[in-house]
Each structure stands twice: as C-alpha cells, then as structure tokens.
Amino acid sequence: MAAIAAVAARRRRSWLSLVLAYLGVCLGITLAVDRSNFKTCDESSFCKRQRSIRPGLSPYRALLDTLQLGPDALTVHLIHEVTKVLLVLELQGLQKNMTRIRIDELEPRRPRYRVPDVLVADPPTARLSVSGRDDNSVELTVAEGPYKIILTAQPFRLDLLEDRSLLLSVNARGLMAFEHQRAPRVPQESKDPAEGNGAQPEATPGDGDKPEETQEKAEKDEPGAWEETFKTHSDSKPYGPTSVGLDFSLPGMEHVYGIPEHADSLRLKVTEGGEPYRLYNLDVFQYELNNPMALYGSVPVLLAHSFHRDLGIFWLNAAETWVDISSNTAGKTLFGKMLDYLQGSGETPQTDIRWMSESGIIDVFLMLGPSVFDVFRQYASLTGTQALPPLFSLGYHQSRWNYRDEADVLEVDQGFDDHNMPCDVIWLDIEHADGKRYFTWDPTRFPQPLNMLEHLASKRRKLVAIVDPHIKVDSGYRVHEELRNHGLYVKTRDGSDYEGWCWPGSASYPDFTNPRMRAWWSNMFSFDNYEGSAPNLYVWNDMNEPSVFNGPEVTMLKDAVHYGGWEHRDIHNIYGLYVHMATADGLIQRSGGIERPFVLSRAFFSGSQRFGAVWTGDNTAEWDHLKISIPMCLSLALVGLSFCGADVGGFFKNPEPELLVRWYQMGAYQPFFRAHAHLDTGRREPWLLASQYQDAIRDALFQRYSLLPFWYTLFYQAHKEGFPVMRPLWVQYPEDMSTFSIEDQFMLGDALLIHPVSDAGAHGVQVYLPGQEEVWYDIQSYQKHHGPQTLYLPVTLSSIPVFQRGGTIVPRWMRVRRSSDCMKDDPITLFVALSPQGTAQGELFLDDGHTFNYQTRHEFLLRRFSFSGSTLVSSSADPKGHLETPIWIERVVIMGAGKPAAVVLQTKGSPESRLSFQHDPETSVLILRKPGVSVASDWSIHLR
C-alpha cells in the first residue's frame, strides 16, 4: 500500500508540475510562443524530404494503354520510372465546373486513409469523353461546360483549359511525390526480420515484393523515414514513409487566399526561402503574429483571384500538411507591375502551389469558378454550408475563465440589466465542473445548476458550459468508466488506452473517429445523462485539437491508434471536427430533433461549418491582436466558416480601457461576438470601466442588437448559398486591384462596409470606398460619399466608420432590449440607401429563431424589398415559406431621396392611404413614419 501511495503521490506531483508549466507559459505574459515546442519543415521529416525535391522533369509516366473511361471516371496507371511502383489515377469531371483528382497505390501493402464524413455526398459527375489523342497525350472533354483536360503521359501532367485558355496545370513543375509503402529494411547481418531497425508491420497481401537494385537506390531510407524523434518524443512509424505531394500552377494568378488557420495576412505570402504554411491542429500558447505556423484549426482550401477569374483548390487530406507558395511576380512593386504592362512585357503572372501531406492519398478538387461566388457555391456543394445559428447566438456573449459560482453568474446577469446593456449568453469555463470532470458541476460552487439556469431563462438568456474531449482517469467517474468498459478510447500502439496530461491531470481521449463513440457522446447531452442541464444550456468544445500537455507539440502521439486501425497521423486534423459534430448532434437529439444547436469549437476542418461556430483562440490584449482578428476571420469566411470571432479584449493580459472599447466596437461587427479573459486577468465586465468607456461599449452593443435582423438574414444566405457573411472587399469588387490586399476593413454581405479603429490614440482613419459609380452613406450622419476614393475620417472614442452601400436595404430593430429573445417580435425599420440610379434592394429572413421548423415545416418568411422608380415594394422571395408573425414595419429611412409631394401606401384589398413623412434637405434623408403594414404581407409605397 505504501508503494501504491508513493506512486500516486509522484503522479500527483507530475500532474501538478505539468499544469504549472502550462500555466507558466500562459501566465508568463511577457513571453511569446516557445517556437522550439513546434516543428519547422526541416524538423518534420516528410516535409524536409518532399521539399528537397526540386522542380524538373517528373519521374512519373502515365501508361496510356491502361486508360479506362467509365461513365463516372477515367482511370489510368502511373509508373515511377525508377522504382517501377504503379499508382492509379482516377479523374472525374464533376457538375458545377469542378474536377476531382485521386491518386493511390495500385496495390498498397495496406489501405491508405481516405477522409470520410467531410463531403456531404458523393458529388455528381459530368461525363468525360476522349476528344483527341496522340502517342503522348489524351484530350478529354467535360460534358458540362467548355472545359478540356489534357493528360500528358511523359512526364505525367494535367492541364485544364477553358476553350483555349489554360486555367491550371497539375505537376507542371514535376514535384509530385508519392511515397509508396514498403517493407522495412533488414540489415544484412540479421537473418531474423524481427531484428530489423524499423517496426515490422503485419503481413498483408502484397508482401514479399523483391525490388530491383534501382528501386533500392530510389527507396533509400532517409533519417526520419521509419522512426522520428522530436525533443523527447519518439514516433515509431510502423508503416514507414507514406507522404504525398503535388504541385499546381495557376497562370494569370497573383493573389491567393485561404488555407486557415494562421495569424497572418489575408493575402497569402510567398514561402520560398522561408517556412511553408502549416496545417496541423495545435494548441499554441500565445501565438505569434505574421507567420505561417500552425494554429488550432485547418481548412485545406486555397482560393486564387485575378481580374478575370477565380479558382479554388480543395486538398482533402486530414494528415499534417504543408503548403508552399511561389510566384514569378514576387518582390515586384505595384509600380513595377504597371511598368511591365506599359512596356508590353510578355511574362504572364503565375502562382505555383505545392501541397505536401504526411499520409493518405492525393484527393483534390479543382473548383473552376469562374466567379468567386461560383467557387463559394462549388465548395459548399462539397462540404456543406454554414449551419443556420439560433438567433440568440448572434447576440453578445459574456465569458471569462472563470465565473466563480452561481452567485457570481447571477450578479453578472443582473449587471447587464442594471447598466442597460443587452446580453444573451453567460459562459462557464473548466472550473464549473467537479474536478474537471466534464458533464458534472462543482457541488460547492454550483450546487443548484437548474435553479441558476431557470433564473437565466426567466431573463430570456442562455448559459454555455465547456465540455472538453479529454476525460479524467478516475475509476469513480462514470464517464471514464463507461468509455473504458466500452473500449471507446484512443489506443496506444500496444493496444492499451492512450493517456496524456491535460486539465484534469491524467486523461484519456475518446476516439471520435468511431461512430459508436460519437453516438455515445451525443447521448451524454440528454437531460437524463447530463444532470443539471436544461434547454437553455449550450456547449463549448475547447482543447479538441486534441491538446495533450505532455505530448509532442502539445498534442497526441502520431502512432496512437484509432477506430479501424488508422494511426493518429492519418486523422489528426479531422479529430476536432468529429468532436464538434458529435456535440452538435447531441444537442439536436436532446430536443427530439426540434431545436437548433449552438456549439463553439476551437479546432476545425473542412465541413466544420455544418456544426456551429469557431474562434481565433487564445489571443492577447494588444493592438496587433485586435488588427489580426480581421484577416483571420476573413480567411475562415472565404473557406466556408462564416461563424467566426475573436475574444473581445484579448484572452491574455489586461487591456487598457481604450483597447477594450475598440475591441467591442470591432466585435460588434464580427459574426461571433464574445468577450473572454484568462483566469489571471482582472475582471472586465463593461460596467467596471469609467463612464465614458461604458457609454462607448453600450453604443457598440446597441449597434449589434439593432442589426440582428440583418445579421440573421446574412446567415440564412450563407446557409442557403454558401456565401460568406463577413467578406473581404475584393469579393464584392473583384476588378478593383486596390481591394486585393485590404485587410483593415471589410464588408458584411454586400451592404455594410466597416473600418474598425485599431490604433491606440487614433483621431482618424483612412477608409477606402470602392466601386466605380458607387455611393456610400455614413450610417450615423447619412453623409454621402462617392467611390472609388480614400477618405480620412476623424473618429472619437465612441465612433467607428460604418457605411451602407447605395443600392441596398438593411432591416433593423430599433428597440434594443435585454436580449435578442425579448426583441424577436419587435417592429422593423428599413434603411434604404439609394444608388445613383435611384434603386435599392434587400432581403429579410424571419422564422422562430431557434428550431428546424424553417426546414421541416417551411415556417419562415423571406421577404424581398425593392426600390425603383420612386416605389418601394415588398414581395415574397420564397413562396414556399409561411409564418404567422406580429412583426410590422414601423419606419422607413430612405437615404439619397428628394422631398416628395406625397407618400402613398398600397396593400392588397385595401384602399390607398397617405403616410406622414419628414425630409431633411441637408442630408437628403426621407423618413416615412408608421406604415403599419405586416412584414409578411405584400405592399408598395409610392413617392409622388
């Protein structure tokens, strides 16, 4: 017993030292990230091997005599001219202007991982036909669209053309590399294979290959091929080197975006001579800005933009991935490019992209646009659209690590009412649970969680509690016992349950790649299983990269084993998506499939948009972190993840009051709006600041809540079409080169342009208003400005430049109450901003704000408002929808209007009625008072 007690004491000390070390990093707020904890490309052996291959003639040749053309795909064998290993290329034309390329081993020693559960369905194909052929190439025509694919045999290459214009080339630089599986080397002096240096995999069909000497030379094992060590961690690599890589050349393209998550510029940078962009979900403490290091999530989607074309590349691989970017115009200034143009330079701009992944197959979708909105639709057709969030989740969220107890929560709740500040959600971090045992409540601090939740519900507010995917190893903890007994944990390579260190101390990690595990997890959110939960409790998934304090790079060992025998290296980047998926499914199931979920996740992958919101992780209370939140969320929006935000105020350190105010002002115009703070920071609820800062924050909150109908409509459009809510300016103005690198301002939909104030002590900002023959109206003063131009605008502590584009109509709620649920039946005010042609258009989506009835019962309204010829018309934009609602039109504000002699309202079946109005000749603003018509009815208002 004494020995057992001593071991237990050592384990407690070990756990404490690890947690203190973790906290030391978090609390050592003068320190930046310790880069030595995270690999560079040179320290990642497969990246180093892949990157050592230089451009040249590819060693791969297509064997055209093996070409087979079926109804859905073309297949052809590829051979490596040195190793003689055969691969199989599967090429598919897809509907909606897409092409899919898959390359795998023809006869693998064991199957290679193919990423499941990301695509919403098998994409419908467009038939390929052979339209030309010679000894070294085949020309293929895609049945849908004016596209051709040229397959060149030697060296292997693919070219995609529209008519005679080259859109994209594959393997044009000869950088394709596919590390085939092989038997580990056996030293000559050893006669027993078990005595070899590498781990011996199980015998599988295909064993017994006898490579020729040329093959052996080509397959010479480099350091890290069969075993790799990083710091104190060893990766056994029982299946040897299995990396894949491929290059893509984009002629005519200079501007590329996407592949989040990185704390870097919106426009991706050239990586030659530096580090590639890394995609490997990691818990990075106090991440640095303006570098390509990996962060919490990975979306392997890249967008390329030019004046005349947009393209997308979706690299479907869940393993560690690096992306190299090169350009033949890198280093040239805008003046230099203009000079080339004026002098008739024949050099076509080109960007080259190189993808490198540690395992899996090559599986890539080429999305051919031609417009960026086409690319958005194409990607959404593959991986799904942004889930329609419940209305409350678009309101303001108040969080910190941690609110102490029930009394603290209720005091914060009351504080918002006492200071006339709206709030929808209060959050609880890890301290709310009993000893970090998730699905429980601390019996001392939160003895009556149902009473607390009921009190919040009476205020029409919600609570979010954290549920992380690491489970305390404790024989008295029901969650752990069930997972262990059902064999649902991730395993070590020897078959035991994997254990690592995280917040609870020793923890095991549920294997979310297992459908049984996901079903079990979802069931845990039922009200019977999650004691103390209620319908107004929602969930936050943190640490789901997964974070392992004592693991390599603060994550799981790559040779850990998942469902189906797959290694963690194969599935790493999809783990967080599975956690998000299972949690969202659990919240849906607990309501019998009626209620929409809200789940925030830190880790993500392609497809995560279907399950909820994400955020930019543990940022810092510094002005540069405020600035970087814009390109970080814009990059996510471009690849489908619209529901993004950054911790308002910064997670680490204490923000000065001015910074906190500016962060609220920016957060009010970002999709996910949550203030959050570290355990060691001072309390920063808005009413704790001096009155002038309180007033500025209150104004920001009011702006957010008044725009909720607009936000909700934008999210419905994102849900239906796949269009981003928060957009770079270039998305709306694809031919305006001035917008291509702008990342300090952005648009919401096509209507609002926002330029946050992100410099300390700023008295003004430079705002670029794009668009030939566009007009922009300041939403506060209604002053009209013409585009394109750059304006210097003075700002005060309480102001932030926001403009409404002429030609748009924005619906608003003007009666701000304590929460969104208190406002959902309030009347609407329409803000009509007229274009120079005197026209405008906008939409309004309404439903009950929280159920799936808009889908299952068509209980919704989608209204279209159009202004033309001095008439404002309301009509249904989707006749399938129907909704009984008390909401009516309270007011119409028309910017850019002259004074009419009369204003007349017409509704079906009713006589004309005159409306009272007020006109300001200085601002050209016309206000129509109380039309009094139902938002659900058809009507028209005529200015005479």
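Start at 1 and count along the chain as shown; that gives each residue its number.
Every residue, even glycine, has its Cβ placed from backbone N, Cα and C.
Copied from Swiss-Prot, the annotated features are:
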SIGNAL    1-32  signal peptide
MOD_RES   Ser52  phosphoserine
CARBOHYD  Asn97  N-linked glycosylation site
REGION    180-238  region 'Disordered'
COMPBIAS  207-236  compositional bias 'Basic and acidic residues'
BINDING   Asp283, Asp429, Arg602, His676  substrate binding site
ACT_SITE  Asp542  active site, nucleophile
ACT_SITE  Asp618  active site, proton donor
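Positions of the features from Swiss-Prot, shown on the structure.
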| residue | record | contacts (Cβ under 8 Å, 6+ apart) |
| --- | --- | --- |
| Ser52 | phosphoserine | none |
| Asn97 | N-linked glycosylation site | Glu144, Gly145, Tyr147, Met367, Leu368, Gly369, Pro370, Asp374, Gln378 |
| Asp283 | substrate binding site | Tyr296, Met543, Glu545, Ser547, Val554, Thr555 |
| Asp429 | substrate binding site | Ser399, Arg400, Trp401, Asn402, Tyr403, Ile466, Leu679 |
| Asp542 | active site, nucleophile | Ile466, Asp468, Arg602 |
| His676 | substrate binding site | Ser399, Arg400, Trp401, Trp427, Asp647, Val648, Gly649, Phe651 |
Exercise. Minimum Cβ neighbour count within 10 Å among the recorded positions Arg602, Asp618: which residue?
Worked result: Asp618
Exercise. For the substrate binding residues given in the record (Asp283, Asp429, Arg602, His676), what is the largest pairwise C-alpha separation in angstrom?
Worked result: 17
Seminar exercise, completed: Once DSSP output is merged into helix, strand and coil, Ser52 (phosphoserine) belongs to helix
Exercise. Which chain neighbours of the substrate site, leaving out Asp283, Asp429, Arg602, His676, have a Cβ atom within 8 Å of the mean position of the site's Cβ atoms?
Worked result: Trp401, Ile466, Trp540, Asp542, Met543, Gly617, Asp618, Phe651
Exercise. What three-state class does DSSP give Arg602 (substrate binding site)?
Worked result: coil
